[in-house]
């Protein structure tokens, strides 16, 4: 027998790791066209700044490179803050807050011009859209942690939990309604306004110190740190009312279904499972795991969220069904089982194991996804080239 003649094909699960998308999904991805609707309050004046900034970006720099640089800066500056404030109750050196403000501002700026650079270099593609949203999903987690540290929200664990997960929920809902309607909608108060508000919070902590947020407001008898929290609550109500108005009024698919022809409520199972697991593990912890390690806890669930959000984005782009079964839930599942068996293993140890599993699972999926799409569309992820995929049609309807 000739060498290799009897070789068996790789198991299905091994192939899925390297090629998450099927041939049919890749064909539908080629047909995807990005469509955005609406304009936020700060967008018109900031367009002048973004246009000015774009002229300093060399034409050879790929849009995805710009996005990744911004994300890396945002992550590194937030990790410095986490190092000084692991329980979100400490006061960090003033320069760490300033560093976070600068990091978030740079991230926002680069995130805003990556699409402009893509159109400028005629390199718009589904890969760029996926890469941008994937980075945004991870940045959402770090922004929530950084802002919570800036106001020392760890002194109020329940509010800290709420603010740590509400950003994930709102980000998911924004893409949930996109999966239903086929259109990404920007509200009058959207991510740009939130980022500007967070930069202001970091600057206030820089010059006033994190302890300034412990000041009790006369008459109202609430601490100053609760004011931005109430702003988050108001933003949640305002944004989600718009998101669910779109979701519950039916999608563009057959009989009011999603763009993939599935139930408009089906994506809610994924974010619902994440939040339910997070709440159950938080409240049932015998060692007060969330109170002692809020940053690690949020980052672990943040990795789970980031992968699920990426799957929702690619499901929209490929008009595919979103399946609940996923290896990324292994991490939270280990924590749940450990509690079920009366903490057979130290919760802190299991939390670290869950963090490693969830982060690697998320990174492997996102890397495999980008590599598969780049091969199929004959694109270089971090370089502009003469041979590009067919340009997307960008529609921005006011």
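Heads up, residue numbers simply count up from 1 along the chain you see.
Quick reminder: no glycine exception, Cβ is built from N, Cα and C everywhere.
Secondary structure from DSSP puts residue 133 (active site, proton acceptor) in a helix. Sequence annotations record features per position, and here Swiss-Prot assigns active site, proton acceptor to 133 based on similarity to another entry.
What Swiss-Prot records for 64, 119 is CDP-choline binding site, and it gives similarity to another entry as the kind of evidence. When secondary structure is read from DSSP and collapsed to three states, residue 119 (CDP-choline binding site) falls in the helix class.
Secondary structure at residue 111 (Mg(2+) 1 binding site), taken from DSSP and collapsed to helix, strand or coil, is helix. Listed in sequence order, 67, 70, 132, 135, 136, 139 are the same-chain residues six or more apart from residue 111 (Mg(2+) 1 binding site) with CB atoms under 8 A from its CB. For 111, 114, 132, the entry in Swiss-Prot reads Mg(2+) 1 binding site.
According to Swiss-Prot, the feature Mg(2+) 2 binding site maps to 111, 132, 136, an assignment based on similarity to another entry. All chains included, 21 other C-beta atoms sit within 10 angstroms of the C-beta of residue 136 (Mg(2+) 2 binding site).
Around the Cβ of residue 129 (site 'Increases basicity of active site His'), 21 further Cβ atoms fall within 10 Å across all displayed protein chains. For 129, the entry in Swiss-Prot reads site 'Increases basicity of active site His', with the evidence type similarity to another entry.
Regional average pLDDT for the topological domain 'Cytoplasmic' (2-62) in the model is 83. The feature topological domain 'Cytoplasmic' is assigned by Swiss-Prot to 2-62 (among others).
Residue counts for the topological domain 'Lumenal' (84-93) by DSSP state, with H, G and I taken as helix and E and B as strand, are 1 helix, 0 strand, 9 coil. Taken from Swiss-Prot, the feature topological domain 'Lumenal' applies to 84-93 (among others).
According to Swiss-Prot, the topological domain 'Cytoplasmic' annotation covers 119-125 (among others).
Here Swiss-Prot flags 151-160 (among others) as topological domain 'Lumenal', drawing on a curator's inference.
Using a Cβ-Cβ cut-off under 8 Å and counting only residues 6 or more beyond its ends in the same chain, the topological domain 'Cytoplasmic' (180-190) has close neighbours at 34-41, 43, 174, 235, 238-239, 242, 246-247, 250-252, 258-259, 264, 316. Marked as topological domain 'Cytoplasmic' by Swiss-Prot: 180-190 (among others).
Residue counts of the topological domain 'Lumenal' (208-222) by helix, strand and coil are 6 helix, 3 strand, 6 coil (DSSP-based). If you look up Swiss-Prot, you'll see 208-222 (among others) marked as topological domain 'Lumenal'.
Feature annotation from Swiss-Prot assigns topological domain 'Cytoplasmic' to 249-265 (among others); the stated evidence is a curator's inference. Note on the topological domain 'Cytoplasmic' (249-265): DSSP counts are 3 helix, 0 strand, 14 coil.
Among the features that Swiss-Prot reports, topological domain 'Lumenal' is placed at 282-293 (among others).
Within its own chain, the topological domain 'Cytoplasmic' (317-329) is flanked in space by residues 21, 25-26, 28-29, 32, 126, 129-130, 179, 259-262, 266-267, 269-270, 273, 277, 303-304, 307-308, 311, 358, 361-362, 365, which lie at least six positions past its ends and keep a Cβ under 8 Å from the stretch. Annotation comment: Swiss-Prot describes 317-329 (among others) as topological domain 'Cytoplasmic', evidence class a curator's inference.
Taken from Swiss-Prot, the feature topological domain 'Lumenal' covers 340-346 (among others), and the record attributes it to a curator's inference.
Per Swiss-Prot, the feature topological domain 'Cytoplasmic' maps to 377-398 (among others).
Counted over residue pairs separated by six or more positions, the transmembrane segment (161-179) shares at least 3 Cβ pairs under 8 angstroms with the transmembrane segment (126-150), which defines the two as touching. Under the criterion of 3 or more C-beta pairs below 8 Å, with sequence separation of 6 or more, the transmembrane segment (94-118) and the transmembrane segment (191-207) qualify as touching. On its own chain, residue 64 (CDP-choline binding site) has 114, 127, 128, 131, 132, 381, 382 as residues at least 6 apart in sequence with a Cβ closer than 8 Å to its own Cβ. Against the transmembrane segment (126-150), the recorded stretches 191-207, 223-248, 294-316, 330-339, 347-376 differ in Cβ pairs under 8 Å, and the greatest number is found for 294-316.
Same-chain neighbours of the topological domain 'Lumenal' (340-346): 286-287, counting only residues six or more beyond its ends whose CB sits under 8 Å from a CB of the stretch.
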